[in-house]
Structure formats: structure tokens, C-alpha cells
Amino acid sequence: NNCPGDWLPMNGLCYKIFNELKAWEDAEMFCRKYKPGCHLASIHIYGESLEIAEYISDYHKGQAEVWIGLWDKKKDFSWEWTDRSCTDYLSWDKNQPDHYENKEFCVELVSLTGYRLWEDQVCESKNAFLCQCKF
């Protein structure tokens, strides 16, 4: 584990919640600029999902939802991760994703589900966000 103190180590990567509110694209750019190879977080198994949820519940200040790196770039329900990892696990909240009013193409962790489940959201919404890095 080479993660700095306030990062969550998991499966060879490090994760950190940033509490400043940003639109999805700005959050992804922030993660990328933080260090080469960083992105908004991708989640691939239920266990990771739970560990991340627990970490966010401990360290997230405020009520904002939390961006992760999943988005519908083509706007056709073909979800992809910004780190280009495979979309092999999805943890949608009920009746999600719904592209509500054909405006929701970015994915957030839902605070009401303890950050365990996901929903699509308007990409311009300002949220806290979860970066993933290798150190």
C-alpha cells in the first residue's frame, strides 16, 4: 500500500473523496491533473462498492452526491469508465438509469443509499467527487 494517509487503498489503487463541488467534466479534469494516470473512480465488484461507500460515509463532508467515472458518452445507454476499464459491474438505484428528460449522462453515488447505489445525473450538476490514482 503506497497510498498517502488520507487515501483509501484497494486492489492496487488509491481512492480519495474531494469535497469541493464540481461539474462531472471538471471533476474528471481535476483528477487527471492531480497526477498522471488518475481519473474519477471506476468500481468493478460489489466488495469495492461497499468499501468505497464506507470510506465516503466516513470522510465526505456535507450532503452532496459524489461523482464517479462512469458516463454515457454516446447518450445511448452504453456506459463507459473514463479510465477505459471494462464496464463489468453496475450498481444502479431503482428505476435508474433513466436519462431523465434526456439530460442525464453522468453517474453519481446516491447519498440516500449510503453511496452504495448509482444514478445518472445532469453532467453540469455540482457534486463532490471520488478520484482514483496509482502512487
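Going from the start of the chain as shown, residues are counted 1 onward.
Backbone N, Cα and C define each Cβ position, glycine as well.
Record features (Swiss-Prot):
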- C3-C14: disulfide bond (DISULFID)
- 10-132: domain 'C-type lectin' (DOMAIN)
- C31-C131: disulfide bond (DISULFID)
- C38-C133: disulfide bond (DISULFID)
- Q96, D98, E104, D120: Ca(2+) binding site (BINDING)
- C106-C123: disulfide bond (DISULFID)
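Positions of Swiss-Prot features highlighted on the structure.
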residue : record              : DSSP class
C3      : disulfide bond      : coil
C14     : disulfide bond      : strand
C31     : disulfide bond      : helix
Q96     : Ca(2+) binding site : coil
E104    : Ca(2+) binding site : strand
D120    : Ca(2+) binding site : strand
C131    : disulfide bond      : strand
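Counting only residues at least six positions away in the same chain, the Cβ atoms of A23, W24, E25, W71, E104, F105, C106 sit under 8 Å from the Cβ of C123 (disulfide bond). When Cβ neighbours within 10 Å are tallied across all protein chains shown, the highest count among the binding-site residues E104, D120 belongs to D120.
Here the candidates are the binding-site residues Q96, D98, D120. The one whose C-alpha lies nearest to that of C133 (disulfide bond) is D120. Within 10 Å of C38 (disulfide bond), counting CA to CA, the recorded positions Q96, D98, C131 contribute C131.
Minimal Cβ crowding within 10 Å, among the disulfide-bonded residues C38, C131, is found at C38.
Taking the mean position of the Cβ atoms of Q96, D98, E104, D120 as the Ca(2+) site, the remaining residues of that chain whose Cβ falls within 8 Å of it are P97, H99, Y100, E119, Q121.
Cα-Cα distance from C3 (disulfide bond) to C131 (disulfide bond): 13 Å (rounded to the nearest whole number).
The disulfide-bonded residues C3, C14, C106, C133 differ in how many other CB atoms lie within 10 Å of their CB, and the one with the most is C106. Here the candidates are the binding-site residues Q96, D98, D120, and by Cα distance the one nearest C31 (disulfide bond) turns out to be D120. Non-local neighbourhood of Q96 (Ca(2+) binding site): L117, W118, E119, D120, each in the same chain, at least six residues away, with C-beta under 8 Å from its C-beta. Spacing of C131 (disulfide bond) relative to C14 (disulfide bond) is 8 Å (Cα to Cα, whole number). Taking the Cβ of D98 (Ca(2+) binding site) as reference, residues of its chain lying under 8 Å away and at least six apart in sequence are, in sequence order, E104, E119, D120. If you take every residue in the domain 'C-type lectin' (10-132) and average the pLDDT, you get 96.
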